[in-house]
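Take a look at the structure set out below.
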Amino acid sequence: MPDYRSKTSTQGRNMAGARALWRATGMKDEDFKKPIIAIANSFTQFVPGHVHLKDLGQLVAREIERAGGVAKEFNTIAVDDGIAMGHDGMLYSLPSREIIADAVEYMVNAHCADAIVCISNCDKITPGMLMAALRLNIPVIFVSGGPMEAGKTKLASHGLDLVDAMVIAADSSASDEKVAEYERSACPTCGSCSGMFTANSMNCLTEALGLALPGNGSTLATHADREQLFLTAGRTIVELCKRYYGENDDSVLPRSIANFKAFENAMMLDIAMGGSTNTILHLLAAAQEGEVAFDLRDIDRLSRKVPQLCKVAPNIQKYHMEDVHRAGGIFSILGSLARGGLLHTDLPTVHSRSMEEAIAKWDITQTDDEAVHTFFKAGPAGIPTQTAFSQSTRWETLDDDRENGCIRSFEHAYSQEGGLAVLYGNIALDGCVVKTAGVDESIHVFEGNAKIFESQDSAVRGILADEVKAGDIVIIRYEGPKGGPGMQEMLYPTSYLKSKGLGKACALLTDGRFSGGTSGLSIGHASPEAAAGGAIGLVRDGDKVLIDIPNRSINLQVSDEELAARRVEQDKKGWKPAEVRPRKVTTALKAYALLATSADKGAVRNKAMLEGL
């Protein structure tokens, strides 16, 4: 029977000093025999997805204590990618993922905590905490802050989100008054941005991995139903502790739950719902932390057989996360995958003995449980607020239309090709990724002339100055994990291409990455990156590039001999941008770049460089 990790600091005469300090935090004699459960919160007033989390850690703490545990809360950092976007602040976004993972490890191991409740929400916070959970391999449960309500305005017939505000701002035909109206309406409440962007994608994937409760990814941040997720998480983590430490049941550990098959389930969900390409980066990183042999080739294999069963903004304007919830949430998509014979349903979760059991209970098309149906009727109130659980609006009906609704059956899929694809070719030998859910079918095969930019900043200037023409393939390089450093998101370039009417007339390829809000023929994560000697660094203005999504290929139309000659020349010059970039790279960013791998490895640290230390 495994001992509580916390015994290291709570038991024995020699630990009198440590116990004295524990007592100073409020612990009593009887508490030293209970599991100490860390609550990793991520409250900050910088991020709308986290602004409402301040008191939620203590909400969970009280529930843990009622269930027989001791709760100790700490906080991690959280970067808002939307606010950091378009300037050097974005250099810090992806590196913050590693900082968050390390912070959770530091706090949990330094204080010998027995289990963790991860209160996450936005883009790098959920991945960072997931990496830490799999690294530590002690009982864990995830509960996120929830998605934002979609914005509403009389100037648009559809719900609004952050991307709408960005696109309209760059549209020279839009009046200042219209831009101001979109700005004020796009992000009305607390919560993670309302589309299937990176934050919501990752929170949905924690359900598929089996590490979060049903509804975690789709229940609105403002809705009263979300409070029950936090309370249930508090009770559940104590039960997981009892099963592991009291019954020697290691099936409750994160590496037992989030195994190879679970990663396949998560990736199949991602492909089926057209999630953010960033999820690929984060799943690969989490798999490495959990020592799961899941890589880009597995994602490529799955992308060829999973259809697109759900379409949400930014891939379609009609639906946002509140609509996914009304259609039954993630377990309804998982149910469709299961009935299609793709999902691994024999896996345990933190809340059910198997995924099959969970689907039977939570898929609205499979259950007659009125409580479940009521749960998925939770909807938006349309009242601007920064307060969690502040409304209890419900839809009158569910969206259980699997032929024409938000979530589809296999027979009525949006497309038989899934929403994400991996492309290989001489310009990206180790692969690159594209969100096919956001690409118009008319440009699934696209040949164009390369238009080279050595940074995101110069690309933005070029697009706004009309230097990019229809038929161009915009190449933005030296923006990978090492080259940026930090692998910036390219939401502004793609948004500006849209505003210039080039969304279906151009492509964009980068060794950087894209926001979950990106759509269009936007191909990222080109590996190896330019700074690591990748062929994207050998492309020249005017070179022909052929993109062929159906055949999963992307190739520079240049001979092998010419590429070899260019490589010799570039080796002499050094793999760095051809222009000086006015970019302040701090010591912290240099340290990140020193160990960073390319995107095909999840942009994690190169552990080989640390061997022997």
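Glycine is no exception: its Cβ is also placed from the backbone N, Cα and C atoms.
Annotation comment: Swiss-Prot describes Ser515 as active site, proton acceptor, evidence class sequence analysis. A sphere of 10 angstroms centred on the C-beta of Ser515 (active site, proton acceptor) encloses 30 other C-beta atoms.
Sequence-distant neighbours of Lys124 (Mg(2+) binding site) (same chain, 6+ residues apart, CB-CB distance under 8 A): Ala78, Val79, Asp81, Ser93, Leu94, Ser96, Arg97, Ile100. If you look up Swiss-Prot, you'll see Asp81, Asp123, Lys124, Glu489 marked as Mg(2+) binding site.
Annotation comment: Swiss-Prot describes Cys122, Cys193 as [2Fe-2S] cluster binding site. Cys193 ([2Fe-2S] cluster binding site) falls within neither a helix nor a strand when secondary structure is assigned with DSSP, and so counts as coil.
Under the heading N6-carboxylysine, Swiss-Prot lists Lys124.
DSSP assigns Glu489 (Mg(2+) binding site) to a strand. Remark: Cys193 ([2Fe-2S] cluster binding site) has Pro48, Gly49, Gly82, Pro147, Met148, Asp161, Leu162, Cys187, Ala199, Asn200, Gly516, Gly517 as non-local neighbours, by Cβ distance under 8 Å and separation of at least 6 in sequence. For the Mg(2+) site, the Cβ centre of Asp81, Asp123, Lys124, Glu489 serves as reference, and the other residues of the chain with Cβ at most 8 Å from it are Val79, Ala84, Met90, Ser93, Leu94, Cys122, Thr198, Ala199, Asn278, Ser515. It is Asp123 that, of the binding-site residues Asp81, Asp123, Glu489, has its Cβ surrounded by the most other Cβ atoms within 10 Å.
Taken residue by residue with DSSP, Cys122 ([2Fe-2S] cluster binding site) is part of neither helix nor strand, so it is coil. The Cβ of Cys122 ([2Fe-2S] cluster binding site) has 28 neighbouring Cβ atoms from other residues within 10 Å, across all protein chains displayed. Recorded residues Ser515 (active site, proton acceptor) and Glu489 (Mg(2+) binding site) have their alpha carbons 5 Å apart, per Cα-Cα distance.
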